[in-house]
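Asks: Have a look at this one before I ask anything.
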Amino acid sequence: MHIDVTGRGPDLVLIHGWALQGGVFAPLVQRLADQFTLHLVDLPGHGHSREDTTPLRLPFVVGAIAAATPPAVWCGWSLGGLFALHAAATLPKVRGLAMIAATPRFVRGEDWPHAVEPAVFEQFGRELATDFGGTLERFLALDVMGSAHAREELRTLRQRLVERGAPTERALLEGLRLLESTDLRGALPTLGKPSLWIAGQRDRLVSPVAMQAAAALAPGAQALTIAHGGHAPFLGHADEVAAALQHFVAALSPADGGQ
């Protein structure tokens, strides 16, 4: 699995969302590389890991990332949040958890109302086989919908989607299955790690209400909602997201991974 390493300081692992790659975090790299050693993951089937056939399943991917990185704070965006949360719940070397536009469960249920219908991800899966490019374009449009900087963010996501090669259909389908079926809420009450939950106020995929509900399940969690932010708030509101990550890590005890 390809992992770019840049910067200096405490270690921070960054895991991207569905269909993208580690380069999507460029705005955060620009702001954090002087203070953190950043480990930018390309998930299997994505970016420079396009030929990596590791199954896109939580234990396989988390194990591979953990084997290639030192003790660190793990930060996941969207789908990447599932890997980061699983790591924080199972690995002592994870010193803290940051979730950006990510929750332990992405689909709606009777006891989890503030999420998307399962049919949303099912439809993306069906359409991939008949209209690969159009399906990805529709998903990117959903990523930025509602954001105050939607046009600029959409241009950036389109560029990041193709600059390292398109993701594989296999990896995309496996990612959709994770989004449809994963429920990690049970791990939160006993997480035992500091956590930060960063939501976009206008996110159409992951409701800030759901993120606040998830944070409430984790003892001592911090929750932040970025005003006017969409599903990728680190693009249009990079200063705010970077500052939140800086403050979060700085507040950790040395044992947790603070400076």
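Note that Cβ sites are derived from N, Cα and C of the backbone, with glycine treated the same way.
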Asks: What does Swiss-Prot list, out of Trp18, Trp197, as binding the same substrate as Ser78, Leu79, Phe139, Leu140, Ala141, Leu142, Asp143, His231?
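Replies: Looking through Trp18, Trp197, the residue Swiss-Prot assigns to the substrate site is Trp18.
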Asks: Roughly how many Å lie between the Cα atoms of Leu142 (substrate binding site) and Asp203 (active site), rounded to a whole value?
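Replies: About 9 Å separates the two Cα atoms.
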Asks: For Asp203 (active site), find which of the recorded positions Trp18, Ser78, Leu79, Leu140, His231 come within 10 Å, Cα to Cα.
Replies: His231
Asks: Roughly how many Å separate the Cα of Leu140 (substrate binding site) from that of His231 (active site), to the nearest whole number?
Replies: 10
Asks: Cα of Ser78 (active site, nucleophile) to Cα of His231 (active site): how many Å, rounded?
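Replies: So the Cα of His231 (active site) lies 8 Å away from that of Ser78 (active site, nucleophile).
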Asks: If you draw a 10 Å sphere on the Cβ of Leu79 (substrate binding site), how many other Cβ atoms land inside?
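Replies: Around Leu79 (substrate binding site), other Cβ atoms within 10 Å: 23.
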Asks: Which number gives the other C-beta atoms within 10 angstroms of the C-beta of Trp18 (substrate binding site), all protein chains shown included?
Replies: 24
